[in-house]
Structures are given as C-alpha cells and as structure tokens.
Amino acid sequence: MTELVVNNVQKWLGGLQILKGASFTASRGAIVALLGASGSGKTTLLRCIAGLEQPEFGYIRIGDKVALDSDKKIALAPEQRNIGLVFQSYALWPHRTVKENVGYGLKLRGVNAADAGVKVQTILDRMGLGHLADRYPSQLSGGQQQRVAICRALVYEPRVLLLDEPLSNLDAKLREEARYWIRKLILDLEICAILVTHDQTEALAAADHILLLKDGRIVQEGPPHDIYSNPNSFYAADFLGANNVARGNLTTLDGTRATIGGEGWSLDGTARELQGLAPAASAQAVIRVEQISVSDSPGPHRIEMQLDDSLYLGDRWEYRLRRGSFNVKAHGTRKLSPGAVWCEFPPESVWVFPASSQA
Amino acid sequence: MRMTIMRALAAGLLTAAASFGSAWAGGIPAGYPSSYADLVKAAKAEGAVSIYTSTDSAQAKALLEAFSAKYPGIKIEYNDLGTNGTYNRVISEAAAGQVGADVVWSSAMDLQMALATDNYIDLYVSPEAKALPAWASYKDMLYAATVEPIGMIYNTKALPEASVPKTRADLIKFLNDNRDTLRGKVATFDPEKSGSGFLHHTNDARATSTFWDLAKAFGAAGGRTYSSSGSMKETVVSGENVLAFNIIGSYALDWVKQSPNLGVAFGTDYTPAFSRVLAITKGAPHPNAAKLFIDFALSRDGQNALASNGLPSVRTDTDKGFNLATLNERVGGNLKPIALDEDLLEYMKPQVRVEFFKKWKASLAGS
Amino acid sequence: MATNVDNSPAVTSGSWVQPAARPPYLRRRLDAAPFRIGVIGTLAIAVLGPVGLIVYQSFLDGPFFSPRSQLSLDAYRYILSDPSFYEALGTTVLFAFGMVAVAVPLGSILAFLLTRTDIKAKKLLEILVLMPMFISSIVLAFGYTVAIGPSGFVSIFFRETIGFVPWNLYSLGGLIAIAGLSHVPHVYLYVSSAMRNLPSDLEEAARSTGAGIWRVSRDVTLPMVLPALVFAASLNILLGFETFGIPLVLGDPNGIMVLTTYIYKLTTLFGVPTYQLMAVVAMVLVLITLPLVYFQRRILRHSRRYAALGGKGGRTTSLKLGRGGQVLALSLIGLWLFVAVVLPIGGITLRAFVDAWGQGVNLMDHLTLANFDNLMSVPSLFRGILNTVLLSVVGGAIAVLIYLLVGLAGHRNTGLSNTVLDYIVLLPRALPGLVIGLAFFWVFLFVPLLTPLRPTLVSLFVAYVVVGLSYGLRLLQGTLIQVGPELEEAARTTGATLGRTWRDIVIPIVRPGLVGAWALIMIIFLREYATGVYLMSSGTEVIGSLMVSLLQTGAMDTIAALAFISILLTAGGLTLALRLGAKVHD
C-alpha cells in the first residue's frame, strides 16, 4: 500500500535550485533511504515531505491526504500531515519528562489522559525505557534519548515516519545495534519509513530501497543489492563501497564490453554508462576493492603489479599495488612480501564510465 | 458703594443661613453675590478642578490644602508643567478640542497675556477682584495671585553684607570693579532657557535704562547663566557662585531662613516684581470649580495660605508672610510690580525676541 | 514494495526540463500569518505614527494642529542657519567621540582583565562593573555636582589640601569624562562577550612562537575582538548623540549645549512652542543616528557569526597577572568604580540628607530628613514614586510580554514582514526619548479613541514600550534564538500548530530568560526620565520626569530626595534581577 507519493518536487533557495525534481513513492512496512553526500538535498527533501520546508513546485501525498500540490496551491503545515520525524539531534524537549515528551502527540490528538498513559507506557516498555518515564532528557544517555525520540514520533501512529540521520550521534557499536532494531521495529509495526543518511552502510543495512541523491536530483534508486552491484553512473559506483578508481583512455568498445588502459596497463571491463564513451576518449573505471584478488601466478584477467606494502587491518590485510600510474588497493587474508604479484580484475567488476561522467 | 457691600453682606448672611446644615459649611464670604451658593453647588457637582501651573506643588501645598479643606468634595488635579509646558499644553489641547485645564496658573506673565489675547481664556469677574490693585488684573481674564520681588542672592561667607550692592548702579559698578575676583562666580537666569528669566530680563530692559550695562558687566565678569532659580541657589549656597541676580526673591526670602551662608538683597532704588497669574481656560471641563478656585486663591484665606508658603500676597489685608505692603517695606520701598497689560506682549514678537537674544549674547561676549 | 523514479533524469533522461529561473509557482506558506502580520502591523503603527508626525511637523511653519500652519521649509532654514545649532552639533560630535575615546579603551581593558586574566574577585567585579549602566544619567549628574562640582565635597577637600581643584566638572572635558566613565559598562559588555568566545589556543599558539603577552594582545586578541570594539564604539557614539541628562544638568552653568538640550531649549526660546524647530533637530538626529544604528546591527549580525564559528572556545586559559599585576589591575578598577559609582551615588545620597552644602558648611549641622517630607506629603511626588514602581514592575512585565509577542512574530520569520520589523525597531532607537514622548503626547491628544488614555499611565507605558523596543526586543530575541529550531520543528511534526508550539515548547523553555528580561526592563523603565517630560500629567508623574520638571524651578532638595529614592529602587531591581538569574551579560 503506497503511503507516500513524492512527485517532481523542486525547491529553490534564492537563485539556487536545491531540489531538481525529486520523485518517488514509498509503502508500508518498508524503509526508503535517501542517501547522498552533504549538500545532495536529501535532508531538504525530507524536510519538504515533513512540511518544514516548502518547495516551489511539486506534489506530495501522505496517506490519503495531499500535502503539497503546486497546481492546486495546496501546502499543508507540518502539523496537518500526520507524520513522525526523528531528528538527528533527537530534539527532545528539555522541560518535559520522557513521558511528557512521548505523550505530547497523543495529547495534541485529543487522546484522553488515561489512554495516552497506557499507550506511552506500552511503547516505552517495548523500547526498554519503561523505567525512565519520569526522567528528563538531560538525565538520559545518547542511546536512550534516541529511543525516546523514536517513541515520540511513533506513538501516535503516523502515516509516515521520517528519520533524519538518526544514528549519526551514536557511537559505532550502538549504531550497529540501533540499525538493526530500528529496521526490525519498522517492519514489525508495518510503518512506512523514510531514512535520511550519508552513511552508505546504514542505508544498505537498514533500507529496503535506496534513493541516491546528488545535487538535488535522484541519480539512482533501487534495492540495496541492486544499487550496490548495478550502479548506472560513476557517481553511484564510486559513492557506495570501497573502491579503486582507474583513470585512463578507452581503447576498445564493443557493445558493453570495453577496455580501458593507461601508461603500461590495460583492463577489460563493462561499460555502465554509454553516453560520452568513445574509443580513444578518456574514461574511468571503478573497481570495488573486494572484487580484486591477488595471487602469485598469472591467469585470465590478471595483470602483474608491484606490491609496495601490506597493511594489517585486524580481520584482513590491505595490499597497496601499483603499475605505472595505476594504483590499487586490494584485500587478502595473509601478509604478502613486497614484490611482483598478479591481480585479477573480473571484467564484470570493472565498471567503465566516461571521464566526464558526473551525474 | 457702601450700600452694595452692605446689601451683599446681608444677602450673604441670608444665603449662609439658608444653606446652614447643608454639605457646604463655609458660608458665602462677604462681598460675594447671592448666587454664589449655586456656583459652589455646581462646582461640587463637577467634583474636580484641574490646574496647569508652573508652581511647584510643594510651594502651592498650603493653598491646595486650604482649598480642599474648604471644599472637600472637589478634587485638585495639580499639574506642574513649567511655564512653557503649561502654555504649550493649553494651546495643544485647545487645538485638539481636548481641553484638560480648568485653571492656568503661571508665572510667565507674558505667556498668560498671550493666552488671553489669543482667545484661550474665559471671562470671569471674580468677586475678589476688588481687593486687588488695578495692575493685578486684566480684562476680567487674568488675575495676579502673588507679587514676588526680583532680587539677588549672595554667599555671606564670600561676600560680607556690607559690601553687597544696594542699587542697580551699585551692582554694575561692583561687577566691573571686582571683575577678576568674581570671574565665573556670578550667576543669573539664561533668558533662552528660562521663561522666568526672560521675563525678568526683558522687563528690566523695558523699565530701566541700565539693563544692557548690567548685561555687559555680567559678561565681562565671565558670569554664568542657569535655567532655574533653584540651581542658582544651590551654587550660591555651596560657594560655587558668589552672587546671583534677577532671581526670584520670594524663594530667596524663604531660603535664607534655612541656609546660614545665604543672603538676599533687593535694589533699594528699584525692585521689580512679577506675579503668578491665574486664568480660566475656554472650554474648561470644570468651569465652576475653576471659578471657585480662583476666588479662593485671591481671597484673604487663599492669599494667606500662599504667603505662608513663601509666595507673597498681592493683597494688603493679609497677615501671614509678606503682602504687597509689607513686601514693599522689606525691599526698600521701591517695589515695582510688573503690570498685567499688553506691553507684556512686546517681547512675544519673534523679531523683537531674536533681537533681544542677539543683544544679550553680544553683551555677554563682551562686545 | 512499489518504488519508482519516474521523473528522475538519470533514468528517463530528457523527460525532465529544468526551468531557467525560479518559477513563481507556489507562494511560501507563512505560518501564523495573521498573528505575525497583526503584531508587526500594530507595532509599525505604534512606531511610525508618532515618528511620521514628527517628520510631518518638521515641514510646517507652525504647530501641526494650528489651522494657520502651512507646508514650509522655514523650520529647516531657521535651524540650518542658526549658529547655536551648529555649535550644539559640534559639541555633540565632540561629546560623542570624546565619550568613545574614554569609554572604549577603559571598557576594553576591563573586559580583558575580567575575561582573560586570573584577576581576583572576578564574580563580584563582573556585577559591580555594570552598575553605572543602571543609574539614570540625570541622577548621576546631580550626584557629581555635589561630589566634584566647584563646591563639591571632594573638590573642597582638594582645595583645602593642595590649594586648587584640578578639574572643572562643568567644562566640556568634564562632561565627556563623566559620560565616558559612565558608559564603560556598555563597552565592557560587548567586548567581554567577544573575548569570552575567543578560543585561547590562538593566543597560546602565538605565545608559543615567542611573542610576549602584550604583543599577543595587540596582534592576536585585538584584531579578533575588533568587530566588538567597533560595535561598542558605534553604540557609544549613538548614546552620545542622544544623551540628555548629563548635559542638561552639567552643561547648564557654562551654557554647553548638545543637540538634545538644544531641542529642549527650543521649547523656551520663542515663548510659544516651536515644535517645527524641535522636529527639524530631531530629523537631523535621526539622519545622523539611523545609519549608525543600521551599521551597528550589521556588525552585530557579523560578530554573532564569528562567535558561532568560535563555538567551543569556552575553555580559555587565563593569563597570570602576578602579584604586582593584581594590585595594579584591582586598583585601576577600584579607582574607576570609585569615580563612576561611589562619587555620584555618595553625592546624591549626601545631598538628600542635608539642606545646605558647600564651602564652609558643616554638613553635620545640616543633616535633615526634611527633604523626604515633601515626598510623602505632596501628592504628585508620592504618586510619582508609586507610578514609577507600578510602571516598571507591572509595566515592565507587560512590556516583556509585548516584546515576546513581537519577538515571536519575528521568530524564524522571513520575508517582507520581518524586514519591516527590522526597520521599525531601528527608528525609536535613533530618536531621543524627549521627542518620542512629545510625539506620543500628540498622538494621545489628537487620535480620537486614544484621548481617554492620555491622563492614564497607559500613555506613558506605550511610549516606554516604544522607547525600550530595541533593547527589549534584542533581549527577547536573544532568548528565543536559544531554543534550538529542531525543538520547535519536532513539535510541529508531532502535530502542534505554531501557536501551540510557542505555548507548549518555546515559552516554557525561555521562561527563565523572560524573568531575567523582566528584571532588566524594569530597571530600564525605572531610570527612564526623558520620555515622560512632555507626556506626564497629573496622576501619571514618574520620578525621572519629575526630576527634569523640578529642575525648571530648581527644587534641588526634592530632586535629591527623588534621586535617592530612584537609586534605592534601582538597587532593589538589580538585586531582584540577579536573584532571578538575569543574564546581565547580554
């Protein structure tokens, strides 16, 4: 069931267009991640959905309510949209107890005090915060505050839950935990959730669907696996994962089979964006670090490279490899001594893009 | 004449008898018309009288209290606005059709005269008018309520009484002879900043031939000008100034009682005096109460109250403080009250005024 | 899971057309528009009405209410050809810049000592150094007359010990010194908050390269607090242009006149009111000060930005003064406090309890309580005290609520109404209180529905609110801005309307700030004197204006008693303010 429709939302800030026509839909029981670097417009888009920012153009529907329609001059205020928003800073009201923070949305909706009390206690218990109901936010840890913020946004069962970088203020361990339970919670409650993040791991792990934004535009969308393994632009390819970038010239192009090469090296690969790609034109290739394997003997798609050093990363080793102007990082399970090695680049993992590919 | 008084007296007694037991306990004073009881009744119905004035409430206290005691139902709204504040507010309110003042009582005789001739003042023949000298009223509109000599104060520690100048000519000579020792220690009103000072100086300029000599002598001694009598007193008492002239002598007569090092002197050849002038505004919200107040202020009781607060009576039949007669004696017999007549308007003309200021400044600058 | 990206150019390139420029598609939704526009509109009327009246009056040849008055430039012609005007203007400029020359260096040194060094008794000093700010300048002036006037007790002491008095209070230099010393807190406030925000690592870095402490102060600290210094200087110039009490009292004996006292003199000069001339001088003042105010707000905005950048500069290591340094610094501050606070307050207190003073007067013989008798027995004086308390305590509270409403109307607001707000706040700041009071007198006299309010405290209250607008609003805006925007947005997305958000979230959070603001506004109203001069009438007397009015007759005994009461009230207000935790430090 589609809970959120966003269609061609455009927003200007002064003369600058910061959203250039974003469109997507989202349904119950799934998490859509808005992923992008800072300045990509992901937070602005979220705020447009929440009604905290007002786009000049576009259409937004939340549940069965039209929240924005520039044709019909409709722009609902945030409080009319029946959404829940979890802020990066949690934005808990310092002068209210946990209970009062969480219960506020119910109070505003005219739920009587007794029912509200039960609901608040239920959700707090569920989040393991039951015993903290009478504390003030300043008396809570960061993780607890975050959970209170989520309770506050969920308790009145909004049509759409918006999460603005909800994990970025947690330390690394907590973040991984939170990632998991937030996802579980949303799936259990069958809520429609939009998650804004700059952290690809977070998006990949938590979301059902990822929208990758760049310069106010959605450059690619799809399920995490698809987005990760099927990027359709250099930006998308490079933004996700740990990557090696090879810059050189296109030597041959046959359908999607392409060869890119530079001073003393050449790689077979797959062209992922044809526009602007022509033989002899400059090109660039993205190769995920984990796709490169290092061995001590030649073979198909293997080239000889100079191993400069092996760095110990705890769970694995990182190799620093070089051939002419071509520098590569690869991983392996054991320490290798510096010297000549063979690196295998599977052609389907060498994604060739035109050098000018920006979008 | 005698008959009228007798008749009035009889009528008064009758009315008093008639109103015996009523709320009004005062009775109709001698010489008042028989209809006065109606006036009092109407005034009481109005319940208040609003006074715009330049007289400190502290100095009017005795008068106000006496009035309140006599007419307990009438509340006094006393607005001390200064001379210009009084005048400005009266004309602004008249223009707005929001007349707030019943009685205007100001020491700026010239401004009061301007109000009268510019049609801001109502006619009223006070039954007390007969007790006033002729110069003290103007066309049934303005009534002088006090007579206050203009004189000089000096610091007795800095200036022994024997060497205090006694006449105008003495003063000029004194200033010229002691130019260096007096440098920066002589004070008078700044006519630009003080309406009273302007009146005193311009009156001198009109009435004497030596005013400009005095101004020059003052300028040559590096004299300083102030905007109020009070601040001059403060400086003379403290020794900051040795003497101050053309100040309000009625205040000075009071001050010397408290300050041992303060002396007061009046010109034996010529002592001008100004008056605080009463009038009823046109369109006054409480016209009857206003009449009552003016009558009371001019009456023997009212004048005694004023004189007891240091504002000498313009009558001669009062027994508290100074009255016109005793004051004349005190200042050496040459008291010359400024008359309430249209000559006061001469210096209201901007041209003449500016001319005066120019000449004043030039004299002070020593040219 | 149905997600599509139907219009995204990356997928279906070409179907999406980017407009050339921002299209006027959807007008911004202004939250609580009726409220915001209503409040700002009302305020605009309250400010522009009186100000407009002054502008109009300046182009007439007589009082605006006189049927004979006509449009004319005569008033401008008169003023612009009056030598006294130029003299007053010149004096004002000298006065203002002189004040800056005294106050800015002293205030900066004070700020430096109290924020960057380990000076002793810092907590106490931080409060003490603000004292002069809270005393009305007219009270200060009276106090100085008694203390260091030609016959003041300190002067007499000097004359008796060294044979002469090495200063002249009534000279322009004397006026400047007094005004400068009493305006040191204004400089201190701004410079110290800038210095507090300075990260000390910059200084440490400079010192580690071998630069000496004074060199560091000059080369590192000074440039970084320069915006604050410039702001403080411009504020002082502004205050210098509008100062009234000090030249009114201390400039009188030697005929030293500044623009404000020149305006005041114009009431008397022609006998009849020359409102057009007063209006012209007010216009000149506005033309000089308005750019200054505008400039000032710009610096303030920029310096806020610097402060925000400095962000976590709270941790500062303080400079060790050493024993000699401590003594020197403390005596410097002590001397200043003695001159700026002890002398005038001592003077006025003394004067309030004697009936004569000066050369050869034994004060013991003249001790009296008689000066206070009048306060109790003369109704207008007693009322004046009551009214002042009422106006500052109750009026101050209502004023805070009004400033809060205005603050909220401008809170996170953009667009035209906010620009309007910005400018109408500037206007009253640029006009002397005396003139604003006069304009309000006219408004309450001539605007039909308002006339019944004129003889009530409401008229004074409205004028006070407008006079205190810029200060009060800044206080409130500063408090409101401390509420994180997400706290408000969280309420909105939770389902609260803007009004509800203000009521449930913003106002409860800023409540402590409001209480502090109330205490400060209370003090501002308590010390106000110029606004009521033309406006007050029987029943609406206030202490400050009573003193100005009494000065016309020179009833110094009463003035001293009133001034003493005023100081007591201010001290009470200040104690209350500190109790309530008002942030006197902006």
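Backbone N, Cα and C atoms are what each Cβ position is placed from, and that goes for glycine too.
The structure displayed is predicted, hence computed values, not measured ones.
Here is what TrEMBL records for this protein:
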type	residues	note
DOMAIN	C:89-296	domain 'ABC transmembrane type-1'
DOMAIN	C:385-580	domain 'ABC transmembrane type-1'
TRANSMEM	C:37-59	transmembrane segment
TRANSMEM	C:93-115	transmembrane segment
TRANSMEM	C:127-149	transmembrane segment
TRANSMEM	C:169-191	transmembrane segment
TRANSMEM	C:225-250	transmembrane segment
TRANSMEM	C:275-295	transmembrane segment
TRANSMEM	C:327-354	transmembrane segment
TRANSMEM	C:385-409	transmembrane segment
TRANSMEM	C:430-451	transmembrane segment
TRANSMEM	C:457-476	transmembrane segment
TRANSMEM	C:505-526	transmembrane segment
TRANSMEM	C:558-578	transmembrane segment
Touch test for the transmembrane segment (C:169-191) and the transmembrane segment (C:327-354), at least 3 Cβ pairs under 8 Å = yes
Any chance the transmembrane segment (C:225-250) and the transmembrane segment (C:93-115) are in contact, meaning at least three CB pairs closer than 8 A with a sequence separation of 6+?
-> yes
Cβ pairs under 8 Å with the transmembrane segment (C:457-476): which stretch of C:275-295, C:327-354, C:385-409, C:505-526, C:558-578 has the most?
-> C:385-409
Can at least 3 Cβ pairs under 8 A be found between the transmembrane segment (C:327-354) and the transmembrane segment (C:430-451), with each pair 6 or more apart in sequence?
-> no
Sequence-remote contacts (6 or more beyond its ends) of the transmembrane segment (C:505-526), Cβ cut-off under 8 Å?
-> 134, 136, 388, 391-393, 395-397, 399-400, 403-404, 408, 411, 464, 468, 471-472, 475-476, 478-480, 482-483, 487-488, 491, 496, 543, 566, 569-570, 573-574, 576-577, 580-584
The answer for the transmembrane segment (C:558-578), taking Cβ pairs under 8 Å and residues 6+ beyond its ends, is 127, 131, 134-136, 138-139, 142-143, 146, 345, 348-349, 351-352, 371-372, 374-375, 381, 384-385, 388-389, 392, 516, 519-520, 522-523, 526-527, 543-544, 546-547, 550-551, 584
Cβ under 8 Å to the transmembrane segment (C:430-451), counting only same-chain residues 6 or more beyond its ends: which ones?
-> 49-51, 53-54, 64-65, 238, 242, 244, 259-260, 263-264, 275, 278-279, 282, 285-286, 289-290, 292-293, 459, 462-463, 466-467, 528-535
Are there residues at least 6 beyond the ends of the transmembrane segment (C:275-295) whose Cβ is under 8 Å from a Cβ of it, and what are they?
-> 54-55, 57-64, 69, 74-76, 78-79, 85, 89, 234, 237-238, 241-242, 259-260, 262-263, 266-267, 269, 426-427, 429-432, 435, 438, 470
